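Chemist: Below are the structure tokens for one structure; questions will follow.
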Amino acid sequence: MHTPLLDLTGLTREALTSLVVEQLGEKPFRARQLWSWLHVKLAQHLDEMSDLSIDFRRKLSALSTPLRPEVSTHQISRDGTEKWLLRLSDGQQIETVYIPEDERGTLCISSQVGCTLSCPFCHTGAQGFARNLTPSEIVQQVLFARRTLAARDKRVTNIVLMGMGEPLYNYEAVRDAVLILLDDSGLAFGTRKVTLSTAGLLPKMEQAGRELGVNLAISLHAVRDTLRDELVPLNKKYNLQALRAATLRYPLKSGRRVTWEYVMLHGVNDSEDDARLFVSFLKDIPSKINLIPFNPWPGVPYQSSSMTRIAAFQKILYQAGFVTVIRDRRGEDIDAACGQLKGAVQGARPRPPGAS
């Protein structure tokens, strides 16, 4: 029976050590060398790994293959934001976005081809859902960006899982990928530098809190159940009361806050009454709010709230004591802004119950 070849970059350090020692019969230090080549030196080929014996490299070659994505398109926005459309080994395509700032560079990575959810204002959700990404396909976005940007003296300092997909519907792969990103002997992103975003898949959200300890961002978008049922259909399964209760239980590390993402839709969710309901919803939850001017895409029935309306909404939240930021429309001219990513989904499949 044919055994699929591994991509070594998708193995946690523990899994890689087990493979090298138990399956290949090598010493543990060989696993450490291999890990360093993959996640510190960012090697792309076994031939580059000059301090590994030829015999060891032959063993690795027999059971593994690098599944590096190919660049289909690369766009750079007027504001410096960059977007890559990456082709995977099966021909599916995902989008990865780099957002440069003065003191940091944030990489927005995808976790699915398409999205399990079907939020009607989001271009990704409109594409349907094809499949989950593997751990290596998630990690490879970071390795690719680090190599590519380093050649231009740019750094990736922060990771946000806010690209295509609902990360928690692909939790096992996302967990392994995040553990690889966090590993101190490799890419070494601190837990404060990685943000996991979810629309509120509550059982997995609580599991992520226990197992990963990274920053949490929740795509809220409405503070009335009837409206959130429409904008975020997952709300029909896990409503606002359940979401609030789960967030209160979430094991936040000292000094950290939950980030709430709220897209501002003209005449839909942007009233002052909505802002006051938002304040009530956040009671006793250490929170930061990102208000996101809606980024339109062809055929969508929504419009963005005016900046005057957004500022009035912000003022109510701010006066209640919450840090509230109006997010810049980074990358809007290349469709790289929030809600605009679409990739190229082939053979979309039905979504799981409760996702739409």
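Here the Cβ of each residue, glycine as well, is placed from N, Cα and C on the backbone.
Sharing the feature lines straight out of Swiss-Prot:
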type	residues	note
ACT_SITE	GLU95	active site, proton acceptor
ACT_SITE	CYS338	active site, S-methylcysteine intermediate
BINDING	CYS115, CYS119, CYS122	[4Fe-4S] cluster binding site
BINDING	GLY165, GLU166, SER197, SER219, LEU220, HIS221, ASN295	S-adenosyl-L-methionine binding site
DISULFID	CYS108-CYS338	disulfide bond
DOMAIN	101-332	domain 'Radical SAM core'
Chemist: Looking only at GLU95, GLU166, the recorded positions on record, which one has the least crowded Cβ, with the fewest other Cβ atoms within 10 Å?
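Modeler: Per-residue Cβ counts within 10 Å for the recorded positions GLU95, GLU166 bottom out at GLU95.
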Chemist: Out of CYS108, CYS115, CYS119, LEU220, which of the recorded positions has the smallest number of neighbouring Cβ atoms within 10 Å?
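Modeler: Among the recorded positions CYS108, CYS115, CYS119, LEU220, the sparsest Cβ neighbourhood within 10 Å belongs to CYS119.
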Chemist: If you measure SER219 (S-adenosyl-L-methionine binding site) to CYS115 ([4Fe-4S] cluster binding site) at Cα, how many Å is it?
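Modeler: A Cα-Cα distance of 14 Å.
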Chemist: Taking only same-chain residues 6+ apart in sequence, whose CB is under 8 Å from that of GLY165 (S-adenosyl-L-methionine binding site), what do you get?
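Modeler: When sequence neighbours closer than 6 are ignored, GLY165 (S-adenosyl-L-methionine binding site) has SER110, SER111, GLN112, VAL113, GLY114, CYS115, THR116, THR124, ASN132, LEU133 within Cβ distance under 8 Å.
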Chemist: List the same-chain residues at least 6 positions away in sequence whose Cβ sits under 8 Å from the Cβ of SER197 (S-adenosyl-L-methionine binding site), in sequence order, or say none.
Modeler: VAL160, LEU161, MET162, PRO167, ALA217, ILE218, SER219, GLU261
Chemist: Find, among the binding-site residues listed as SER219, ASN295, the one whose Cβ has the highest number of other Cβ atoms within 10 Å in the structure shown.
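Modeler: By the 10 Å Cβ neighbour count, SER219 comes out on top.
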Chemist: Using C-alpha atoms only, work out the spacing between GLU166 (S-adenosyl-L-methionine binding site) and CYS108 (disulfide bond) and round it to an integer in Å.
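Modeler: A Cα-Cα distance of 13 Å.
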Chemist: For CYS122 ([4Fe-4S] cluster binding site), which of the recorded positions GLU95, CYS108, LEU220, HIS221, ASN295 has the nearest Cα in space?
Modeler: ASN295
Chemist: Can you figure out which of GLU95, CYS108, CYS119 (the recorded positions) comes closest in space to LEU220 (S-adenosyl-L-methionine binding site), comparing Cα atoms?
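Modeler: If we rank GLU95, CYS108, CYS119 by Cα distance to LEU220 (S-adenosyl-L-methionine binding site), first place goes to CYS119.
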Chemist: Could you check which of the recorded positions GLU95, CYS119, ASN295 is the closest Cα neighbour of CYS108 (disulfide bond)?
Modeler: GLU95
Chemist: How many other Cβ atoms sit within 10 Å of the Cβ of HIS221 (S-adenosyl-L-methionine binding site)?
Modeler: 24
